[in-house]
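Working notes, beginning with the structure itself.
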Amino acid sequence: MERPQLDSMSQDLSEALKEATKEVHIRAENSEFMRNFQKGQVSREGFKLVMASLYHIYTALEEEIERNKQNPVYAPLYFPEELHRRAALEQDMAFWYGPHWQEAIPYTPATQHYVKRLHEVGGTHPELLVAHAYTRYLGDLSGGQVLKKIAQKAMALPSSGEGLAFFTFPSIDNPTKFKQLYRARMNTLEMTPEVKHRVTEEAKTAFLLNIELFEELQALLTEEHKDQSPSQTEFLRQRPASLVQDTTSAETPRGKSQISTSSSQTPLLRWVLTLSFLLATVAVGIYAM
């Protein structure tokens, strides 16, 4: 087992986490697909898939936070009104998938792996929960508003914010000040050098779980590419933008647990755009933490 470094152990927890995750953070953000998102190339189908994964992830995270809200290893970071995203994501699921969204949203293998780890941490290693909360919530606060504006413009969504509740934190007036408060609370957590080391390692794991989501979509993209004949690929390249960014009328069948790779419903370009948005969600957000 890797022994904790003395210099990192003398740091505040917030600084130790930022330092420890630099390398894996670079892995998450250095992708050619980031350029697609920065250009506003976000499809509705791709966005729906990302939001469904986030719903499952935050549901698991917040179930474990509730379980450990009075545990001193997490209690100082309990900000349900300000931070919790499940209720907002339920609104978004209803917008994107309709009234029967609970039966319609996909639940991919990589998402299931992420959820499993969150439950393991909350159930048997609650002192590590801070790593996942830090990675997700501070990233959302840092990059969420930028991502919201890009997605809103790219998909011509209502200015009132329907479908984008996840990115809105109505109980936080000043994100910068709140992040300062959150870091200060993190630094009050009492932990041994060994526990601090495990927390920083778990933060790396959180990044790797997000990267696994990216790789899952990349695999789907590769499979989709192999299934495309030259004529089909050329047709996709020539499709007007209005057809690429279609409406949400083609819903996922109820009870479906895996993403369909049918070329008629999820063309090659959509997987590219989906992957770019996933990368941006983590990389742009956490970059500014």
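For all residues, glycine too, the Cβ spot is worked out from N, Cα and C.
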Margin query: Labelled phosphoserine in Swiss-Prot - which residue from Ser14, Ser171, Ser242 would that be?
Written below: Ser242
Next item on the list: Let me know the largest Cα to Cα distance in Å among the heme b-binding residues Lys18, His25, Tyr134, Arg183, as an integer.
Entry: 19
